[in-house]
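Taken from TrEMBL, the feature [4Fe-4S] cluster 1 binding site covers C37, C45. Under the heading [4Fe-4S] cluster 2 binding site, TrEMBL lists C46, C49, C54, C68. The annotation [Ni-4Fe-4S] cluster binding site is assigned in TrEMBL to H261, C296, C334, C447, C477, C527.
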Amino acid sequence: MTMNHSIDPAVAALLPLAKKEGIATVWDRYKAMQPQCGFGQLGVCCRICWKGPCRIDPFGDGPQRGICGADADTIVARNVIRMIASGAASHSEHGRHVALALLGVAEGKLPDYRIRDEEKLRAVAAKLGLETDGKEIPAIAREVALATLGDFQNQDHDTPCTWLASTLTEKRLERLAGLHALPHNIDAVVTQILARTHVGCDADPANLILGGVKGALADYDGMCLATELSDVLFGTPRPAVTAANLGVLKEDAVNIAVHGHNPLLSEVVCDLALLMDDEARRAGAAGGINIVGICCTGNEVMVRHGIPLATNYLSQEMALVTGAVDAMVVDVQCIMPSVSEIGACFHTEIITTMDDNRIPGATHVRFRETTAAENAREIVSLAIAAFRRRNPQRVVIPDFRQTAVVGFGTEAIVGALAALNADDPLKPLIDSIANGSIRGIALFAGCNNTRTTQDSSFVTMAKKLARNNVLLLATGCGAGSFAKHGLMTQEATEEHAGDSLKGVLTAVGTAAGLGGPLPLVLHMGSCVDNSRAVEVAVAVANRLGVDLDQLPLVASAPEAMSEKAVAIGTWSVALGIPTHLGTMPQVTGSPAVTELLTETAKDLLGGYFMVELDPDKAADRLLAVIDERRQGLGI
Ligand code: SF4
Ligand code: FE2
């Protein structure tokens, strides 16, 4: 394997150190795993029952059916929709957690939380069709929370989930209803996927995939409610200038890395860190407490509070190799189990916080919303105690950090546009799309994956699309890539944007008081915040009187990896968005499923998957799709 591990200079600086210390990283384990199982890569390995495992011979000489009679199409379809179910469960469980917290706040049961954005609460209530006139904030919050929890409880199959029904275009809802793909209850739909994929159940690949589409739309519902209610509780993102990459760690501070996905914990850790700064100084940390983010917990606190981002998924271990992280506090999702072993090579406390997400070797602080401040105090105290044990001789903080202008949720984008046209904020955006100044919009999302050089495809594709005047949005570890590589700056706009895009970004940024253009890539937040991009797209579509599958809008996950990414990619397709994958999905062992996802989906949904591993060619294909859509609109 000659491929480079990463284009991140901080990773390049630390890998030799890891090697010298005998620390195995994700890239070492990837190498040790080669060659990887070909059946698994094609998706034709089934382990759904104990007659198996069975695998279909892709060359046709060996078995073409599993012991029960399932063929490659059935096996692949079952495998992929189980991934969707897991992704939907993950996002929605996070969402449920936030909704229950909102209910707790509304009922006065959670003193460590409050509603920080009342305006957003009212806007959300209005969006859900709830009457708010004359009602106090707690009463509105309670109604919003209960309406949201209804999306986990409704048993009427003919009534789709509330969030989904209130946030998509009418035409999209009709189209999805026609396919019987609208979820009525997130939990039920996840359960149905597990039930229909049990041995001896649904064997029809098309029917299975449609069930997966429904599961993916449940995923959309869960992330939409997670995003919006988090804004209510913790504040709606606003543009802020911050920094990214491991150079944000400080030698003279107690460094606490918050890692995972759910803001319920990290928000309170941030609050407590402020209160306990003096304690850190008394322990000898002249710089006090320095909170940094990793993965989507990092994105959540970055877009809301301008907390710097240390790194994204694939390089999470590298943060520990600096020897400067005193505590890594994790909640849920995308936390490598290896972190406890690496933390043990240093003084670093790895602190798990969720009872159903524990790692052997880590310290577990049982986090409860009812005792959040007390739990956060214990966590920060552990970090300060660890700082006292830190060996300064082993601290190597690579001097790489990039400025990042972040915090572009829907409200911030509309707010910036309103500086150009207060009465009709969307008009400048729509005019720019119509006159070609903005050729199209691309949303970059998703993970990092060892199968590609970390961050490389993100950066290559973004630069090419920007040069061709495509407006760029980003979330999750994709956003992390851009932040680390300096593409969320005004300078990047000057350097990489095509002339007409630069003109628009400059006009909007200047009018909005940024003293120059908007950054080249707009950071919308974490993975669940992909719903923000849908919100913008739906507003534009409604304004134009068209559906989402007519917009010159594309999505890309160049390093897709997780089950959550499979779910997001699938709802993106279901919403009518051409969706690029830069890593090979584990479905190609079934020509029928591959055709369904890349071809048939186009007729049924308007969106479809495009797989292209070469980032340069992928950008060309996305440009071609954008132009096709423009032609369709007659612009
Ligand atoms: Fe094999 Fe069928 Fe069991 Fe899968 S469900 S392991 S294909 S017998
Ligand atoms: Fe994420």
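Positions of Cβ are set from backbone N, Cα and C atoms, glycine also.
When the binding-site residues C46, C68, C296, C447, C527 are checked against ligand 2, C296, C527 have a Cβ within less than 6 Å of one of its atoms.
DSSP assigns C45 ([4Fe-4S] cluster 1 binding site) to a strand in the three-state reduction. Each of the binding-site residues C45, C49, C447, C527 was scored by the number of other CB atoms within 10 Å of its CB, and the largest score is that of C527. For C334 ([Ni-4Fe-4S] cluster binding site), the number of other Cβ atoms no farther than 10 Å from its own Cβ, over all displayed protein chains, is 25.
In this structure, the CA atom of C45 ([4Fe-4S] cluster 1 binding site) is 24 Å away from the CA atom of C334 ([Ni-4Fe-4S] cluster binding site). Each of the binding-site residues C37, C46, C54, C296 was scored by how many other Cβ atoms lie within 10 Å of its Cβ, and the smallest score goes to C37. Between the binding-site residues C68, H261, C477, the minimum number of other C-beta atoms within 10 Å of a residue's C-beta occurs at C68. A separation of roughly 22 Å, to the nearest angstrom, links the Cα atoms of C447 ([Ni-4Fe-4S] cluster binding site) and C37 ([4Fe-4S] cluster 1 binding site). Ligand 1 lies within reach of none of the binding-site residues C296, C334, C447, C527, judged by a C-beta closer than 6 angstroms to any of its atoms. Looking at C37 ([4Fe-4S] cluster 1 binding site) and C46 ([4Fe-4S] cluster 2 binding site), their Cα atoms lie 13 Å from each other.
If you compare Cα positions, H261 ([Ni-4Fe-4S] cluster binding site) sits closest to C46 out of the binding-site residues C46, C49, C54, C68.
If you compare Cα positions, C54 ([4Fe-4S] cluster 2 binding site) sits closest to C334 out of the binding-site residues C296, C334, C527. Under the DSSP three-state reduction, C296 ([Ni-4Fe-4S] cluster binding site) is assigned to helix. DSSP assigns C447 ([Ni-4Fe-4S] cluster binding site) to coil, not to a helix or a strand. Note on proximity: among C296, C334, C527, the binding-site residues of the record, the Cα nearest C68 ([4Fe-4S] cluster 2 binding site) is that of C334.
In the three-state DSSP scheme, C54 ([4Fe-4S] cluster 2 binding site) falls into the strand class.
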